[in-house]
Amino acid sequence: MLAGRTELTGLFVEKPKSVVAITGKDVTFVVKVDSTNLTRKPTMKWLKGKWMDLGSKAGKHIQLKESYDRNTKIYTYEMKIVKVVQGDAGGYRCEVSAKDKCDSCTFEITVEAAEQEEQADILSTDRREKKKPEPELEIDVWELLKSAHPSEYEKIAFQYGITDLRGMLKRLKKMKVVEPKVSEAFLRRLESAYSVNKGKKIVLSVEVTDPNAEAKWLKNGQEIKPSAKYIMESNGNIRTLTINKCSLADDAAYECVVGTDKCFTEVFVKEPPVTITKLLDDYQVVVGERVEFEIEVSEEGAHVIWMFEDQELSRDDKNSKYRFKKDGKRHCLIIQEATIEDSGMYFVYTNGGQSKGELIVEEKELEVLQSIADLTVKSAEQAMFKCEVSDEKVTGKWFKDGVEVKASDRIKISHVGRIHRLTIDDVKPGDAGDYTFVPDGYALSLSAKLNFLEIKIDYVPRQDPPKIHLDVAGNMVSQNTIIVVAGNKLRLDVEITGEPAPTVCWMKGDKVHAEGRVRVENRKDLSCFVIEGAEREDEGNYTITVTNPAGEDKANLFIKIVDVPDPPENVKCTGVGEDCATIIWEPPKFDGGAPLKGYLMERKKKGSSRWTKLNFDVYENTTYEAKRMIEGILYEMRVFAVNGIGISAPSLNSKPFMPIAPTSEPTKLIVDDVTDTTCSLKWLAPEKIGAGGLDGYIIEFCKEGETEWHPANTDLVDRQSYTVRNLPTGEKMNFRVVAVNVAGRSPPALLEQPVTVREIMEHPKIRLPRELRTKYIKRVGEKINLVIPFQGKPRPVATWLKDGQPVDEKKVGIRNSNVDSILFIRSAEREHSGKYTLILKIENMEDSANIDIRIVDKPGPPTQVHVTDVWGFNAALEWKPPKDDGNCEITGYTIQKADKKTQEWFTVYEHNRRTNCTVSDLVIGNEYMFRVYSEILCGLSEDPCMSKNTAIVAKTGLEHKQASYKEKDMNCAPKFTAPLVDRSVTIGYSMAISCAVRGWPKPKIIWMKNKMIIGDDPKFLMQNNQGVLTLNIRKPSTFDSGKYSCKAVNDLGEDVVECKLEIKGKPGYLSQAKNVNKQSLLLRHIIAGGGLIHLS
């Protein structure tokens, strides 16, 4: 009985079967996949139900394994369930896919409780009962994770072998949501899961808090609309969803939404096993009759598998004689015309039953009710042959001396019911001969002879001894040897003389030939030896003997039958290349009696019916290299044998083969590292891989001067690096790397020079990152993770010191590797500040580096803020630095003032570096308060320091005295302070050229190209920002190249600057630049404020 169903792709060699497991026992399922016709590694998925991927649940309870046999090209996949529990019961499915091919099969696990009966040992003398071992305590990892603190998740995963902790935590989060909890919307939530049989009804029910609340139902995240299948009801506080006639499509996740609250569940639809309600019948038919096997199953749309003996009957084979019919629960297998080869046992399987029926096919038997009789007629009379057979539907043909008789005016052929007649009117001497009736479709023939009666006058001749006169020179290849092509007719006329007329006898061995296919026709002075449709069995020595009363004469003949040869045998492909394949075959068993001249070859793509000739001239060898093939396409070959007679029938098609070339050699093979016993190699993938893909690499080595290469790895290496171990110290070794795929090994990538296996002493050197060469500042609470790379051989010993003392690893984490050292602090504290020193040592060599780490915090407030003086609208303040500087120097102070009436604070100064300041613009008659914040890199102090006293601005008599000064003459001629710069830009990218000018009155600006004024062309945008002049050119082309100039003119004079603009790029570049993110390049020279240059 088959345990699962399968798509008809035939990837599975071995499928898992349904089992009955005992609680607490282990169960293992094995799947084997044939990868012979696959171009890449297949992907296997183990599923429970319709969607649950067991790969995410692999761990201590479910263990998945995979292996590969390179000889048989069989992948073996195993799933082991350790200590089966009741929750493991159900339907499972395994799916395998590879590119455009896939296959799947299903199986079931039924879990039964273990027997608890105690068994007595009746053989023991003391009859003491055996003590059963106590069952081990079952550990539910899900329950452990539910009740554990998040900090213990990793510990539990390590203890119980959980490999996909993240996936389990995601499912755990969903499971925790399902757990009953206090909810504002739900009084009773959905259960965690429901199960229902296919075709049955299921009701999902919740109880809500608000009887007027509206509930929404969702399936796999999509809202369900009311229909005949989905019925939603609301009765008081109860909300229900009824699903009628559940199908496999209803196997999904459901949720009920009330307001913002949700509850979830999963519905599992069980598919009942399909049983066979009407079994197969046995059939006994004759050749050519129609056979129809029929069964009925319990479910419509069920999947059934038909088999003949041990061979599965495929629906995909277009050339198959079998036809499959499905009508509801009725399934049929139809054979239109049965043959003898169809006899045997036929099986049909479902996932819940099987049936078998026997087919017996017999040859048709035809009964002859009346046979034809010999006739002797005179000239001009009528001759009629008549026969009667048992089947009136049977037709047939008439033959005379092996030649089919055709109807004419004189010859009439009739068929009425079961009677067949041949009528010959006006009989002539030429009508004499052997007549045969052959029914169509039967190995049967009826024969009779027509004798022509002539009236002769007898006389007594003289007596002469008989004599045979052979004249067969045209047919002889040697003396008395005659060659006949198989299937042809041989008619040998031998002249015979003698008086009276001699008696002729033809014999082959002891057998006398007179009538039939091989017969003798005697006439006066002539004996005709006839072979109709020569066969191989007709070959041999023949003797002709003539006798009369006067004597006897004999002659011997050898008749040789030649034919086209048999087809060649065992055509197969022995090797493939990128576009070629090597084909071999065996010569035919029978050469047709003539020497073989050679062979003709044909090929076709698999699935096609069109054959292509590969050679037009005869090919003599039995090994042929077919070329000009397409890599990755399946081909079939066949061969014809040729001799002097003709061409044989085609051989059987070869097994399909695919031209696949090995990859090119790996590239850039280098030595990465060398020790006293190892050598690390690195390389890049081959430049050309092809349709065969890349399975891995083989690394080989040999001593210098030797030719025998030794593999360094037993299994293929997937990565592009490998360390060869256990090498002899001091030896010079050669290394090479070979890429491997299904077509074989690639050419090797070889190191140019041999490698001496000896560790090279290298001084330790610390590569301190640039940002760590100055003071490294972090805030309190931040994470510190410093990676310090270094080099040196052999591996240096790294040591960390803090302020000259070894680092306390309880406070600071240290991790060292071959190439770097890592110092990390999860949460920085001020006590972590200090001078850290990394020391590298290799024997007596040493290197060190210092890192100054400072952990800063917000400072305390300043102290002793007070007003020292008040005059006019001003007040002078002084204070002292804070007692706590936050472990960092004070970068400034922030001063704020507030009117005592309004109590609103306003900032007067920020980043004030001194410990005093003067506050101006105070309002006369108001009283002011002041407060000061201290500031460092990480911000202001949390609290300010208030001034001890206030500033009162008194009202006094004020008089404004305007200072006398001489107004400066600002007029000047235009002068460019920043010139134009020559530019070279890429075609299609917007750009700008800039310069700066000063002058008063404000000069007029004129832009020119090649001495021509640039007008209002929208391609150009001219800007003047406080004397900074910019000319923007939008998407320049080659026509925008040239000399650009800018002229500034006022009443006092003028000035000019120039530059050259070159546009680079080919004429067709703009079409390619459409997909490029357009950028604009703006160069501005800002002269005022320090002459900054901004490039964006």
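Glycine is no exception: its Cβ is also placed from the backbone N, Cα and C atoms.
As recorded in TrEMBL, the features of this protein are as follows:
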type   : residues : note
DOMAIN : 180-275  : domain 'Ig-like'
DOMAIN : 364-436  : domain 'Ig-like'
DOMAIN : 466-558  : domain 'Ig-like'
DOMAIN : 567-663  : domain 'Fibronectin type-III'
DOMAIN : 665-760  : domain 'Fibronectin type-III'
DOMAIN : 764-852  : domain 'Ig-like'
DOMAIN : 861-956  : domain 'Fibronectin type-III'
DOMAIN : 974-1062 : domain 'Ig-like'
Does the domain 'Fibronectin type-III' (567-663) come near the domain 'Ig-like' (466-558), with 3+ Cβ pairs under 8 Å (pairs 6 or more apart)? yes
The domain 'Ig-like' (764-852): DSSP-derived helix, strand, coil residue counts: 6 helix, 52 strand, 31 coil
Averaged over the domain 'Ig-like' (974-1062), what pLDDT does the prediction give? 91
Quick check on the domain 'Fibronectin type-III' (665-760): DSSP residue counts for helix, strand, coil, in that order please. 0 helix, 45 strand, 51 coil
